[in-house]
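*Asks:* My questions will all concern the structure given below.
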């Protein structure tokens, strides 16, 4: 199989994985989120929606929105049709001082040509919680935005504003935010802190991937634009290393189920070919179907 599903942490009981609060965490990764789109479309295909808590960063937040709205194929279209458009990704515009990634255009074109079923999303979220991770520009700390309270499109946009690529970040309620991947690209610890004791996490890198800690931090600039970007890199590295350490060795009484590719995806963060995106979507679809068919029954809710 081109994908891998592994369980870490608390041991199974008679083959089952009991939980009191079940979470779904979706990593970002730009166009590599097409793998996640495939997994979640497989979940929707089987009407598999048991999660009480869902948290995503960047592309993960976008994917979760489509999942909560029960719009199978939405994220696939958003990535393959719109994120590959020259209107969205333009190095020439960036050189001239504009955005490399025009999130404003993406939000507007999605609203007009690919509208979200937000009323249905609100209904499906009754008794559940959805959070979108964004990183504060001033502190580089993660915040987990509830879209029903902060606004769906503003929260998605704040979670997806990659530093430098979307100039200035996104202002929301008087604060400026960058992409959630700066502070917490894989918000598994946040799910635990929200009370989850069984966490299903969908990755966009191989299951063998281990981020290497930043070296030579003391030699990096501390001020100016270069210093700002250096701090962003340091924060991202630390957050990513922490997330992978959590997945490998969760706290006692916590179980993590990781769905991930076996090898690097053919897709890139940006600039992916249609063939690469289609192949990675189908891999995610196969992974999601395998999980629902072979493993989902092992996740058993118990009384709190």
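Placement of Cβ uses the backbone N, Cα and C atoms for every residue, glycine included.
Bear in mind that TrEMBL entries carry predicted annotations, made automatically and left uncurated.
Pasting the feature list from TrEMBL:
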- 24-192: domain 'PNPLA' (DOMAIN)
- 28-33: motif 'GXGXXG' (MOTIF)
- 56-60: motif 'GXSXG' (MOTIF)
- 58: active site, nucleophile (ACT_SITE)
- 179: active site, proton acceptor (ACT_SITE)
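What does the local environment look like for each feature on the list?
*Replies:* In the predicted model, the domain 'PNPLA' (24-192) shows an average pLDDT of 96.
Here the motif 'GXSXG' (56-60) has, by DSSP, the following mix of helix, strand and coil residues: 2 helix, 2 strand, 1 coil.
Under 8 Å, Cβ to Cβ, and six or more positions away along its own chain, residue 58 (active site, nucleophile) finds 28, 29, 30, 33, 133, 159, 160, 162, 179, 180, 181, 185.
Reduced to three states, the DSSP call for residue 179 (active site, proton acceptor) is strand.
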*Asks:* At a C-beta cut-off of under 8 Å, are there same-chain residues at least 6 beyond the motif 'GXGXXG' (28-33) that contact it? List them, or none.
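*Replies:* Sequence-remote neighbours of the motif 'GXGXXG' (28-33) are 56-63, 75, 79, 83-84, 160, 179-181, 185, 204-205, 265, 267-272, 277, 280.
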*Asks:* Which residues of the chain, 6 or more past the ends of the motif 'GXSXG' (56-60), have a CB below 8 A from one of its CBs?
*Replies:* 25-33, 36, 79, 131-133, 159-160, 162, 179-181, 184-187, 202, 204
*Asks:* If you draw a 10 Å sphere around the Cβ of residue 179 (active site, proton acceptor), how many other Cβ atoms fall inside it, taking every protein chain shown into account?
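*Replies:* There are 29 of them.
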